Amino acid sequence: MFSFQKWRCSWSLVASVASIVTLVSVVHLFIYPVAPSLDYFRPFQNSCVPINRSNEGEKIILKDNKSIEDRKNNATDSISTEGSQSNPDTRSPIPTVDLNVNFPSNLHNSVVYRGAPWKAEVGRWLAGCDSNTSAVKVIEQISGKSCRNDCSGQGICNRELGQCRCFHGFTGEDCAERQELSCNYPGPKEEPFRRWVVSICPGYCDTTRAMCFCGEGTKYPNRPLAEACGFTINPPSEPGGSPMIDWTKADLDVFTTNGSKRGWCNVDPAEAYASKVLFKEECDCKYDGLWGRLCEVSVLSTCINQCSGHGLCRGGFCQCSSGWFGADCSVPSVVSSITEWPHWLRPAQVIVPENLMSGGNLVNLDAIVEKRRPLIYVYDLPPDFNSLLLEGRHFKLECVNRMYDHRNATIWTDQLYGAQMALYESLLASPHRTLNGEEADFFFVPVLDSCIITRADDAPHLSMQEHKGLRSSLTLEFYKKAYDHIITQYPYWNRSSGKDHIWFFSWDEGACYAPKEIWNSMMLVHWGNTNSKHNHSTTAYWSDNWDSISSDRRGNHPCFDPHKDIVLPAWKRPDEGSLNAKLWSRPREKRKTFFYFNGNLGPAYKNGRPEATYSMGIRQKVAEEFGSTLNKEGKLGKQHAEDVIVTPLRAGNYHEELASSVFCGVMPGDGWSGRMEDSILQGCIPVVIQDGIYLPYENFLNYESFAVRIREDEIPNLLNILRSFNETEIEFKLANVKRIWQRFLYRDSVVLEAERQKALRGSVEDWGLKFSQLEEDDVFATFIQVLHYKLHNDPWRRQLMLQKKEFGLPKECLIRTER
């Protein structure tokens, strides 16, 4: 961080402040809360001292009516267009380096940077350039636009655009129009519940959210009547089978007051826990914000960054406090108090114009902040693409990485799709975030498709009927609508045809179904299928198949382009036990199993997935050769060995078994799986068997240094290939896995939650303390490093005339546009 020169208050400045305070005081009486409160000017009461409570050096400067452009020029007139600093008295010059000479590659053609073996070109640039990045001055605009009727109290005003973000069940320019979100599709009297949807409801339908409750006339009208709870359960059609739900016939017993019948809506929790009455086992407390076997305890819902301490989480949608906006209430407006601004806007030199009002709106304020690139602008999309998907989900576990128990303590989920939430929250709270789109290097478009794949799409108001049940088609439409929004509301897309935009596709097959309009952009995925071998939809789930989507909508792009896209690790639940046991660092001599894989092995095994297409047949081939568990025919694998485990049987301690193995299989499931993360986090050498499919960071990290790739046609020779590695090579790979394991961990997200819990409850649980002590680069830090490399090395950027920006880099690190 840099500090501005000390400054003194003159009588003229005091007079100016007094006049503005008087003006705002008068305005405040008539148009509150549109005008800023007097809290905004409290820093002037103490002889014009810096206002940051942590003494980081903010100050407020009163300006005349110069244009914003003039102010920007004044703020940046000392910035060199070459990216170096022009004030040698305050900054040390960055030494010139020859990247090729100073950072030679090793025998594996990798260059190590911050402990990780990168591909030589990437690691060389990061070691010589990313490590030498200095901070630059950026003007952040604090917006002051107002919204019509203040969104009628049914939404949040985006003060950058002057547009309302309406709560669930409300719409219109000012959120004054009430929506009717039916729980049921219409059907004949004899079959009133004709189609299966999660919100199907035999009780009271809350039409603001399409969610089902017991309703009036019951003892507990606000108790959820979710999914199977309200319908008849028929016995299994065959011995050992699963009960069958008759979705056309309501189970009226859930409304009974007879304690000897399986009730729900009138069951007293105390009597139920004392086993004095019966209740329907299929009923459960599925909706977010409720806890206890009978939903008798109200708890925190899961919101994006839990509204950053500036709002109330209402079922997944942040209801921001006055002066704040954004999906997580993290963006201050001119109405906010500067002392509460987030850390990514500190320290700041705030420029206050003399005329605070213009055209009925408060004038935007400029805050000069020092930041390091890359700078990322996060779109504040309408809530249809994020907050409403969270608020409208019918199962609290859907698409989130955490929920809250009866103490409002954090419970981490095993939801693999939780990576999308984790990355989004980290971006919103990151010092690399900027509100200035003109200074931004990248633009993140937050569409939470993870909430659609986990069955939020089954609610009628999301129009699955229009897509004939195809979630892939529905989700493509979501992304297309987000694209339509940003190109009509913002000016940033056309400057690069969207190449500097980032979209996250968390689905099993990644960005295969991305609309053609956005394919120029960078895709974040968990499935790096280049379609060089597996060139059709590989999913066994009919509703997720994208083969039938027309090229008019999808185009003819692959699922993944390694030249522009990034594969990110899947979310894995923070495991305090594994952390304490240091499973990633277990030495070679304690790893007794040579090769290990535990997971579904397909139709040849009891309870295996019946589809031959599952795992593209790869797991089945490995099991056929090396299976260590008897299949349905009573056979082991043809090449079964004592030190090899390939089994579908659930492990007693999965993490312990991984940590006791030298090599661990990484094969697809129904698209991507979390096996790579399982291997790395337990210190096992990953053995990747999936042709043409990239794993996390594989187009940037040197996988040869810590993993093994086996071609699918080499599966019969798998053990011979692995046994050909000598102990020196094995120790080398194990050591590299040990060095990079934190890069597969979403530690930043965990630490953010620990900080939120400390603010809420005044204490941090053990998991928070343990993860806060980790110091190596995690998923988010790695992601930022990759973006920084791409900022100065993506070929398309060389073809554009770059803005004259300060990059804080030596000349040899900057893009040479003459290439």
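Glycine is treated like the rest: Cβ placed from N, Cα and C.
Taken from TrEMBL, the feature region 'Disordered' covers 72-94.
Here TrEMBL flags 75-90 as compositional bias 'Polar residues'.
Residues 34, 207-209, 314-315, 317-320, 325-326, 329, 331, 333-335, 360-365, 380, 382-383, 387-388, 391-392, 435, 489 of the same chain, all 6+ positions outside the domain 'EGF-like' (143-176), place their C-beta atoms under 8 angstroms from a C-beta of that stretch. Sequence annotations record features per position, and here TrEMBL assigns domain 'EGF-like' to 143-176.
The disulfide bond feature in TrEMBL is assigned to Cys147-Cys157 (among others).
Its own atom aside, the Cβ of Cys166 (disulfide bond) has 25 Cβ atoms within 10 angstroms in the protein chains shown. Look at TrEMBL and you will find Cys166-Cys175 (among others) tagged as disulfide bond.
Most Cβ neighbours within 10 Å, among the disulfide-bonded residues Cys147, Cys157, Cys175: Cys157 holds that distinction in the structure as shown. Rounded to a whole value, the Cα-Cα separation of Cys175 (disulfide bond) and Cys157 (disulfide bond) is 10 Å. Residue pair Cys147 (disulfide bond) / Cys166 (disulfide bond) shows a Cα separation of 12 Å.
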